[in-house]
């Protein structure tokens with residue numbers, strides 16, 4: 001009997017951080033703080049990018065897509081997490097778990113590809129500036145964004161469907177604060193080798209290949225930056241690139257730790273804390289890092305706050 005058949009009438013018990021009751025109040029503030037920052041920062045980027053014509057460029061098109069992703073991704077996880085951190089009985093309905101699994105997987109996978117698209121955009125802007133407008137035309141940008149969203153959806157359908165077919169044999173105590181594939185695999189009472197193989201293959205496609213391509217792009221960008229004669233301009237470019245790469249490393253690195261570790265060596269308690277980084281922290285960092293040193297965005301924000309936009 002599959003997970004779907006036997007679990008439809010029973011909630012999942014999310015053990016979450018119940019082993020650390022004193023820490024739950026701190027985690028509640030942590031999650032709430034980062035969730036609110038994510039909403040404010042990313043909504044601001046979407047609004048400004050839409051209202052200010054000078055920002056109607058490929059860079060801000062992708063950044064707006066990333067902001068929308070981050071809002072939806074954290075919203076699929078944070079509210080349920082906040083509720084469970086506040087109540088003694090930490091549960092989620094079977095339907096809620098299925099919805100959370102499909103949505104978070106789709107959005108997370110989409111972001112993995114979209115970050116690679118953004119690195120490609122930066123590579124062409126820096127290394128091929130004379131051809132940038134021709135190459136990064138609106139049609140190509142829309143195609144790249146569409147591929148990101150559709151590939152994320154496909155990944156979710158494969159990942160989640162394979163996982164939800166597993167029999168649980170009455171075990172509904174999920175040792176996590178969200179419904180996530182590695183934690184659900186541990187509930188299965190049958191051999192999960194095939195599922196782990198699917199998890200590995202899909203994870204390589206989404207969390208190993210994209211950061212490798214991003215690294216190559218930034219390698220070429222670094223070479224181009226080194227040819228800049230102005231020390232100040234070179235320092236500014238390196239500072240911006242290092243900030244972008246920091247977010248990329250945190251996002252992909254934490255996902256790789258959770259999804260590509262062998263199941264027998266996976267420390268679930270440690271994994272839960274690491275999951276907080278790519279579910280709560282990086283969606284907050286993205287708008288800060290990608291716009292902090294951007295004069296156009298800061299000028300547009302100033303016009304918005306002064307009512308001139």
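Cβ coordinates are placed from backbone N, Cα and C, and glycine is handled just like the others.
The shown structure was predicted, so the numbers you read here are calculated from the model rather than taken from an experiment.
Residues annotated as topological domain 'Extracellular' in Swiss-Prot, with sequence analysis given as evidence: 1-25, 80-100, 159-195, 260-272. Marked as N-linked glycosylation site by Swiss-Prot: 5. The transmembrane segment annotation in Swiss-Prot covers 26-49, 58-79, 101-120, 140-158, 196-219, 237-259, 273-292 and is backed by sequence analysis. As annotated by Swiss-Prot, topological domain 'Cytoplasmic' applies to 50-57, 121-139, 220-236, 293-309. Here Swiss-Prot flags 97-189 as disulfide bond.
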Position of peak Cβ density within 10 Å, selected from the disulfide-bonded residues 97, 189: 97
Top partner of the transmembrane segment (26-49) among 196-219, 237-259, 273-292 - counted as Cβ pairs under 8 Å: 273-292
Region pair the transmembrane segment (196-219) / the transmembrane segment (101-120), three or more CB pairs under 8 Å: yes
Counts of helix, strand and coil residues, the topological domain 'Cytoplasmic' (50-57), according to DSSP: 5 helix, 0 strand, 3 coil
Number of helical, extended and coil residues in the topological domain 'Cytoplasmic' (293-309), per DSSP: 11 helix, 0 strand, 6 coil
Collapsed DSSP category at residue 97 (disulfide bond): helix
Per-region confidence, the topological domain 'Cytoplasmic' (220-236) (mean pLDDT, whole number): 84
Close approaches to the topological domain 'Cytoplasmic' (293-309) from elsewhere in its chain (Cβ under 8 angstroms; 6 or more beyond its ends): 44-45, 47-48, 51-52, 54-55, 236, 239-240, 243
Helix, strand and coil residues within the topological domain 'Cytoplasmic' (220-236) as assigned by DSSP: 13 helix, 0 strand, 4 coil
Number of helical, extended and coil residues in the topological domain 'Extracellular' (159-195), per DSSP: 14 helix, 2 strand, 21 coil
